[in-house]
Structures are given as structure tokens and as C-alpha cells.
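First up is the structure itself, then whatever we jot down about it.
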Amino acid sequence: MRECISIHIGQAGIQVGNACWELYCLEHGIQPDGQMPGDKTVGGGDDAFNTFFSETGAGKHVPRAVFVDLEPTVIDEVRTGAYRQLFHPEQLISGKEDAANNFARGHYTIGKEIVDLCLDRIRKLADNCTGLQGFLVFNAVGGGTGSGLGSLLLERLSVDYGKKSKLGFTVYPSPQVSTSVVEPYNSVLSTHSLLEHTDVAVLLDNEAIYDICRRSLDIERPTYTNLNRLVSQVISSLTASLRFDGALNVDVTEFQTNLVPYPRIHFMLSSYAPVISAEKAYHEQLSVAEITNSAFEPSSMMAKCDPRHGKYMACCLMYRGDVVPKDVNAAVATIKTKRTIQFVDWCPTGFKCGINYQPPTVVPGGDLAKVQRAVCMISNSTSVAEVFSRIDHKFDLMYAKRAFVHWYVGEGMEEGEFSEAREDLAALEKDYEEVGAESGDGDDDGLGEEEY
């Protein structure tokens, strides 16, 4: 078996996690109490969904997941929510006091008290696996727990499970919408360790997803639930090939191989199509070519950056539902002819495709329409650097005046860590600039228009 363990850290990680597990359960026909009427092999057969669920002797399916937060309120919602019987109580770990939006509290003072307990739980889950493939880590880097405890856990996982791949689904601060003043500090400090300790990180940002909800689903005032349901579709499409049998299956380690040209250049953009409301879907059927095109639309990206400002290095298209390889090849060929979608010249092919015959599932009463086919794209584009340069700029404005720094130093951090993390990010921006530059063959037609 190729099991994956999901780790949900902090409020964002947990709430995205709730949406994901709700969707997985619906997709596999698992009831909220973990029973699965359709499962014929009792006691942990070799079914594909056993990559994400372990099975007890009593036929109950338990997610291979850990939820961690430094304060109890969000996890208490899981403990009392609709899926409370799904999880083992030991999988839900909460502390008593929160990280107060402070990276240093999450990473040093409070985080360090809880991290061993988390690793112990993760170890139990890992021992329960026959061939652990890797970890999916969900967190946000704006707050204190997601950024601080998130990076602490990643660092410790690198020590304990050095060879296993780690995929991060990371919510980054949005350009306009902010939930805390010190977001830029937390993000920069956290990205510093994401650079070292994740193999692939998929960037999400709330503002981009708000806009998708508003524009494509006509939701005037999207809530976090709306956002998370959309994110869970993306994550479900990514992991579908691990949980179902398909024609062109994609492994977690395959993402890494196909998307990451250099170890540091591993921050991905994601998009999903079709995002349409039930009213609209009733009247139209979308072809493979149409959904592929809309996945490449800048407005479909789940992070606020414009792929037209950069170049693609690689991209992974995961189709599900009624899709055949012939349609996919035709759609990809069309994309390659478009002038707006530019690839770096050292990566001529750049597409990895996966097909899964399980059609997309929707949450009853959710916003998305039930469709026959969908595509999720994860792409590695140099335009991601925009996300970092925005955060760096905000970081610089505050750090120049050393604003709020005492809160971090008071929790046992050293001021040198700020500048070290900031330099690391400056180097990352430089790396992106270099991979996007034309290779030295004297052909510099594209250099004039590149703006960074």
C-alpha cells in the first residue's frame, strides 16, 4: 500500500481538513461514523482508498490524519461536529493557549510543548502503514500556529522521516485581505522553513478563492466554508489517483519528479475547472478542451498572481470523470499553440497528465454543480515570485522600523532569524528570476517584456 498521512495544523489547516475529509467520505461512500456499507473486504483489504483510511476489525474506516492546534475552540468543533465519530480522539490534539498570531510562540514557547505529542501520534499512524508514501501538510502561514508549529513539525518530520515526501497545502496572505498585522513576519519566517522542509508546496490565497467564488459561483459574500469546499475539490483531484484506480495514475512522488526542476523552485499554483453553480450547469456540458482552457485562465488561479507575467516550467493536469487520453492530448496540443501561455525554453514538453475515471463528487447543498468531468491543474510558474515579493515588501516596511519585533524576541527568538529568513527569500526571488530568464543562446526576444 502507498499510504499518505495528512497533518492539519492551526485553524486554517483544520478547517480545510474538515472540508477534505467530508468530501473523501462522500466519494468513497463512507458514513460519518466510519462505516462503509459498500466495502466487501472487511479488516483492511487492499482497496485503493486504504491509502487514506485505515480499517479496524469492526469495519470502521478511520482517516490517516492528525489535527493539531494550540487552542481548543477549532478542534472542539471537530469533536462535536457531524464527523466526530470518524476520528479517533487521539488524532485531535489541542493545547490550552493559542499562539496569538506569533510565529515565535508557535515555534518556540508553546509549540515545543506539544510537538512531541504530535510526533508520537504521527509515529503511531506511520507504524500502521505498510508502505508510507509521504505526508500532506495543511496550514496557513499568516497566523502563529500554522506558521510556527507548522514549520516546527516539518523540521521534525525531516529528521524522523527524511526520505518521505512532504506536500504542503499552504494558505498565504492575500494582497488586500489581511487577518493580522504581523502576517508578513510570520509568512517570511515560515517560508524559510517551507523552503528547506517541503518537497512541493501548493500556494493558496483567500482573496483569489473569494474572487473565484464571487465570479464563477455568484456567491456575493463567500464564507470560509465556501472557500474550503473549493480548495477541497482541488486537493481531492490531486489525491484521487491515490484513492481510486484509474487509467493514468499519478503518485505523490511523481508530482515532485515532474514539477520540481530545482529543489528550491517548488512553490506551485493550482487551479480547478469547471467552477460553475448548479443553475448554470443545468444548461451546458463542458468539453475537455473547454475545461483545460479555463484551468489556464489567470482568473482561475488559486493564488493572486498572473501567470502571464512569468513562464511555466512544468504543469500537471489531473482529469477526472468522462475523459479519454485522445481528448487530453488534443487539449494540451491547443494550449501549446497559445501565445499567452509561455514555457521556459529549457523545458519543451512540460505537461504531466493524469486521468481518473471516478467523476467529481459534490457536497450535497454545496455550491458546486455536479459535472461529468473536471480538471485540476498544478503548475510551476515563475510568476509565483509575485506572491513572495509582495510579502517581502510588507515585511521590509515593518522591519525597517523594527515594529512588533519585541513580541518575537520575547518568546525566545533572535533578531538574526528575521534577517536570515528575509535573505533566504530574497535569494528565492532571485532564483525564480534566473530560471525564467532566457538561456544563453542570444535569443532575447522575451526579455524586453518581462516585468518583475
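Glycine residues also receive a Cβ, built from the backbone N, Cα and C atoms like all the rest.
Annotated features in Swiss-Prot:
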ACT_SITE  GLU254  active site
BINDING   GLN11, GLU71, GLY144, THR145, THR179, ASN206, ASN228  GTP binding site
BINDING   GLU71  Mg(2+) binding site
COMPBIAS  431-452  compositional bias 'Acidic residues'
MOD_RES   LYS40  N6-acetyllysine
REGION    430-452  region 'Disordered'
SITE      TYR452  site 'Involved in polymerization'
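DSSP assigns GLU71 (GTP binding site) to coil, not to a helix or a strand. Each of the recorded positions GLU71, GLU254 was scored by the other Cβ atoms within 10 Å of its Cβ; the lowest score goes to GLU254. According to DSSP, GLY144 (GTP binding site) sits in a coil region rather than a helix or strand. Calculated from their C-alpha atoms, the gap between ASN206 (GTP binding site) and the residue listed as 'active site' amounts to 27 Å. The DSSP secondary structure for ASN206 (GTP binding site) is helix. Residues GLN11, GLU71, GLY144, THR145, THR179, ASN206, ASN228 are recorded as binding GTP; their most distant pair of Cα atoms lies 22 Å apart. The most densely surrounded of the binding-site residues GLN11, THR145, THR179, ASN206 is THR145 (count of other Cβ atoms within 10 A of its Cβ).
Counting only residues at least six positions away in the same chain, the Cβ atoms of GLN15, VAL16, ASN18, ALA19 sit under 8 Å from the Cβ of ASN228 (GTP binding site). It is 32 Å from the Cα atom of GLY144 (GTP binding site) to that of GLU254 (active site).
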